[in-house]
Structure formats: structure tokens, C-alpha cells
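Undergrad: Quick paste from TrEMBL:
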type	residues	note
TRANSMEM	29-55	transmembrane segment
DOMAIN	43-292	domain 'G-protein coupled receptors family 1 profile'
TRANSMEM	101-122	transmembrane segment
TRANSMEM	142-170	transmembrane segment
TRANSMEM	209-230	transmembrane segment
TRANSMEM	237-257	transmembrane segment
TRANSMEM	277-294	transmembrane segment
TRANSMEM	366-384	transmembrane segment
TRANSMEM	404-425	transmembrane segment
Amino acid sequence: KRMEEVNQTKVTEFILDGLTKNPELQLPLFLIFLGVYLVTVVGNLGMIFLIIFSSQLHTPMYYLLSSLSFIDFCQSTAITPKMLVNFVTEKNVISYPECMVQFYFFCAFAVAECYMLAVMAYDRYVAISNPLLYNVTMSYQVCLWMIAWVYGMGFLSAIAFAFFLIRLLFCKANIIRHYFCDLFPLLELSCSSTFINEVLVWSLASFNILMPAMTILSSYIFIIVSILNIHSTGGRLTAFGTCSSHILAVAIFYGSLAFMYLQPSSVSYVGQSKLSSVFYTIVVPMLNPMIYSLRNKDVKVALKKFIQKLHKPLYYILNSLSYIDCCHSTVITPKMLVNFVTEENFSCSSTFINDLLALSSAINNIVLYLTTIPSDMFIIVSILHNPSTEGRFKAFRHLWLPQFGYCCFFVIFNVNVSAIISSHLHRPRESV
């Protein structure tokens, strides 16, 4: 009978409390964190692609930096989108499995970032203290093993935390006083004993924070000693400037983690934990590309060369196409997204003007498509006159993908327009 009562009251979904309940702050916070998330995605993914496509950045330091950017991107993506939903809905409901999955990936990438920062500090120690042995000590195989160890520690720690969290029972209370599924807010809702989870937090979480922190601290002690041995004043200032940026990012990340997870359980952490969590889940992933990359001379040179390669008429036209696609998507998508979170999607205006615009757009699109046919014919003839087989293949490769995309857009767009016009023509007229 006791088991039946527990099963009947078992929680199947949670409600995230969010950052604030003040309705006047919902829209400003939504816009702020949306902008932060976009900067995070563009900065981290841009850094990954820049390192991949720039041969001068194929060094151990930038391999580690690309891994850090990937971790920051994944950690922010696991938290921020669901938090943004909370700003546009009255109740941000998250199912029990989805909550456990969010906590698992958050925990995995948070722990992985701790160890990745430690590995990067060790990499800088080797580069400054033993520059002649740097390529031997930090070889490609060593970097791979370090990266594998970083992700292994992250996912193993997340498995341990998630395993004991799933074993807990959640009965009636289902409001998580946080903007994502974090450990301590979930432990507060449990109706079973959380002693094992608290011991695991103090042991494993302390180990995952203190061990990388001690590695970073010892590495920087040796780095500072090496910098003080530099006779050039300009070299000292440059080295200290680079280290100060790294230390600042590490201090923000580890300080917020320590403040969050190493405080006594009796301390009220509701408001304070939200503030500290914002730093290491949202702000730090946005700042890392700037701290570790934009202040780096090699990255600036690689970015400048990459941009110079794109200063061609083809990419100017592609830039205009991207702007048009962005505007086109912005006109349609926001209203569609509102439809997903509202019960009724009203439209008070007549659809005749919209249908007329769609018809004119279809006619214009057909005319533009017909004008591209002669151009494509001349291009194909020119390609066939190319005596080099490799040159023909390269030219066809540059031609078929844009034309294939345009044909798909042409077919899909005009099929939709035809459906709109057909529905308008067959619509029953209302009697006056």
C-alpha cells in the first residue's frame, strides 16, 4: 500500500522557477540572454572553424582552445535555450527525463571545463618554462590523450551524480527554485534520504574543483617565476598581461563553482546560487573566446588572413544573399514561434493583400529563374571548353550546389504560393 501511494504521487514533470518573477523584467532579460547566447555560439563555433581552417593555428595550444570552445558551446546550449523559454511562458515545464538529461550534460561539461582549464594552464607552463622541449612534451598524441582524459573525467563524474540522483524519489513538490535542473534544488525536492548524494557532492565535486585548481595554481607559480627571469621589461609586461586574462577567467569560473557547491547546506543559496550560476553557465562561455583568442596575436593574424580571402565579388554577393535570408526568416519565424506557446494565434487583417504579394513574388521569382537559364548555359559551354579535366570538375562543383539550392527554393516556394492562391480562389464568399 505504501508503494502504491508513492507511485501515485511520484513527480513526472518539474516547473522551473526561473531567474525572476517580475513580469517587467521578462522581456529585457530575454533579449539580454538571447544576445549573450548568440555571441557565445558565434564566438565559440567561429573559433573552432578558424582553428580548423587556419594551418598556422595547428598547434597544441589551439587544439586545446578548440576543445574548450566546444565545451563552452555545449554547456551554454544545455542551459540557455530552456532558460529563454521561461521568459516567454507563464510556467516553464520540464519533464522528469528531460530534467535528468539536462543535469547530466550540464554536469559533464562543467567538470570537463574544470580539467580543460587545468590542461591549458599546464600547456602554458611548458611553453614558457621549457620552450625548447615544448613540441616534444606537448606532442599531438599527448594532446589527444589529455583531451580524452578531460572528457572522460567529465562524463564519468556526470554518470556518478546522475545515477544517485535518479535513485531519489520525488513526490509532491515539483517547483525547482532555479532556472535549470541543478543538483541542490533537486535535492531539496526529494522525499527520500539525500545523505549519499550530499556525501558524493562533498567528495567528488570537491575533488573535481580542487584538483584542477591546484594544477592551475602550481602551473602559474612556475610561470610567474619564469616570467620574473625574463630580462626584457616589455616581455614581462606582455606575459603578465596574457596571464592576467587567463587568471581572471579562471577566478570567475572556479570562484562561482566554489561559492555554489562548497558552501554549508544551511546557507540559503536561492538568490546567490542563481547569480553565481549565471557566471559559469552563461557569462564564462561567452567571455572565453574573447579572453583566450581575441587578445591573441596569432588568432588576430589568422582571422585577418581568413577575412581577406573572402574579399571577392562572389562572397560579396553571398553576403547579400545571407542578409536577405536572415530578413526573410525574421519576418516569418518569430510569429511561428509565438504560435507554439499560445493557445490561439489571431490574425485580424485580411489575407488578400498577403496573397497578392505572394502571387507577385512568384511571378518575379519565375522571371529571375528564367534569366539564370541563359547564364547557366553560357557557363556550361565555357566549362566544356576547358581542356583540363580537373578544371572542369572544379568548375562544375562550384556551379551545381548554388543552382541545386536555388531550384529547391524555386520549387518549394512556388508550390506554397500555388496552394495559397488555390485556397483563396476556392474560399467561399461571405454574403454581405
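The backbone N, Cα and C atoms fix where each Cβ goes, and this holds for glycine too.
TrEMBL entries are annotated by machine, without manual review.
These figures come from a predicted structure and were not determined experimentally.
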Undergrad: Any chance the transmembrane segment (101-122) and the transmembrane segment (29-55) are in contact, meaning at least three CB pairs closer than 8 A with a sequence separation of 6+?
TA: no
Undergrad: Residue list, the transmembrane segment (142-170) vs rest of chain: Cβ under 8 Å, 6 or more residues beyond ends.
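TA: 6, 10-11, 14, 60, 63-64, 67, 96, 100, 103-105, 107-113, 115-116, 119, 183, 186-187, 189-192, 194, 196-197, 200-201, 204, 208.
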Undergrad: Excluding the flanking five residues on each side, which residues at least 6 beyond the ends of the transmembrane segment (277-294) place their CB within less than 8 Å of a CB in that stretch?
TA: 19, 33, 36-37, 39-40, 43-44, 46-47, 65, 68-69, 72-73, 75-76, 79-80, 106, 110, 120, 178-180, 182, 245-246, 248-249, 252-253, 256-257, 260, 300
